[in-house]
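Trainee: Once you've had a glance at the structure underneath, I'll fire off some questions.
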Amino acid sequence: MSTLQTLWRSDPAVARIIDGEMRRQRDGLELIASENYASRAVMEAQGSALTNKYAEGYPGARYYGGCEWVDQVEDLARERVKELFGAAYANVQPHSGSQANMAVYFTFLRPGDKVLGMNLAHGGHLTHGSPVNFSGQLYTFVAYGIDPKTERIDYEQVAEIAHRERPKMITVGASAYSRAIDYAVFRQIADDVGAFLFADIAHPAGLIAKGLLPSPIKYAHVVTSTTHKTLRGPRGGIILMGEDFENPFGLKAAKSGRTLMMSELLDKMVIPGVQGGPLMHVIAAKAVGFGENLQPEFETYARQVIRNAQTLANALIARGYHVLSGGTDNHLMLIDLRNKAVSGKAAQEALDRAAITTNKNAVPNDDKSPLITSGIRLGTPALTTRGMKEPEMEQIAALIDDVITHINDDHVINRVREEVMALCARFPVPGLEPST
């Protein structure tokens, strides 16, 4: 009983569930693009005594006493992430990427303001204007998408829509787009129409941080990210700015009358605007994760993530799969399964039975519901954390093809599952041992 020892004694029901999830992660291939394996150090920080501490406010300006240690860890997290991205400002308190985005929208916009964001069906995100999300309910979103031929962002269309609609903000970022984004072009479009540029880099953040993809830091007025995914830290959010600037809304400090900086408005919007007490144990884990990201070996990891994704995409293309845009520049790919006559839901469920975890995903012009979809999204961050490289990607492509080609054949799926478990045994998850 190497882990969860106290939990097995005090609450075996919960211990059993956690142990089952640990075994699932250990014994299966994780290809969900937004998932990764946090280090043991990150998890130790997140499970520390900082869980017990309330710390509303910011370092040096808390509403509670006894914050001398949590002040230090929040300062450390902020300094590390600023160094990582070359940012002048960082807020590490958002509980999630969605709450970071909410704080940005609430700071820069008013209800009903017009925003230009990427179509969810073309690779965008719920918080970029989906009508079922607060963003689409509070603001007037118009969508840009990908070119139907190249399956890449159509920058001419973006400019055309922006000039026609005159949005107050342009949101750039995606959850299922496999190509590098030209933030300089987006900034030029934003400047041409007098819009703020907001970049959500939740998915490629780790690759951007190591200079392997273009960075929006010097182009966007504000940037958000999650801290897991390609950053491989705890689940959480951050807000960044490449440079601070005076707010353009005429807001003044109550006593001095000076113009408030945007950093001050963002800080006030995070707390008390959209959150209360920060999760100090998670902020400590963020600090640990950022420290790991700053090490030279993380660049080696990030480069391998991209090489693995490109190898996997090419191997699937060679087997007749429609990978959108014909490949990938980052950690993920979107597979349109319509030429295989298989739905995303059916593929996901069959792959689950083979211990290959993916997620169904809508594709452009999808005629199926979001609960069914015509595609799946694949990513390589977690596989790369296990130490897998190009040869394993070739093998995994063959296993995926076996399952989808024989989607109703339990014999094939069981054989693939055995191969998956053997492969996983060769590449254990760092720091994740079974508890019994």
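Heads up, the Cβ atoms here are built off N, Cα and C, so glycines get one too.
Because the structure is a prediction, the values reported are computed rather than measured.
Annotations per Swiss-Prot:
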- L120, G124, H125, L126: (6S)-5,6,7,8-tetrahydrofolate binding site (BINDING)
- H228: site 'Plays an important role in substrate specificity' (SITE)
- K229: N6-(pyridoxal phosphate)lysine (MOD_RES)
Trainee: Would you mind ranking the binding-site residues L120, L126 by how many other Cβ atoms sit within 10 Å of each Cβ and giving me the lowest?
Mentor: L126
Trainee: Applying the rule Cβ within 8 Å of the centroid of the Cβ atoms of L120, G124, H125, L126, what extra residues of the same chain belong around the (6S)-5,6,7,8-tetrahydrofolate site?
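Mentor: The answer, listed by sequence position, is G117, M118, T127, H128, G129, S130, N133, A174, S175.
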Trainee: Sorry to bug you, but what's the C-alpha spacing from the residue listed as 'N6-(pyridoxal phosphate)lysine' to G124 ((6S)-5,6,7,8-tetrahydrofolate binding site), rounded to the closest Å?
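Mentor: Cα of G124 ((6S)-5,6,7,8-tetrahydrofolate binding site) to Cα of the residue listed as 'N6-(pyridoxal phosphate)lysine' measures 16 Å after rounding.
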Trainee: In Å, rounded, how far does the Cα of H125 ((6S)-5,6,7,8-tetrahydrofolate binding site) sit from the Cα of the residue listed as 'N6-(pyridoxal phosphate)lysine'?
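Mentor: With the alpha carbons as reference points, the distance is 15 Å.
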Trainee: Near the Cβ of G124 ((6S)-5,6,7,8-tetrahydrofolate binding site), how many other Cβ atoms are there if near means within 10 Å?
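Mentor: Summing over all protein chains shown, G124 ((6S)-5,6,7,8-tetrahydrofolate binding site) has 25 other Cβ atoms within 10 Å.
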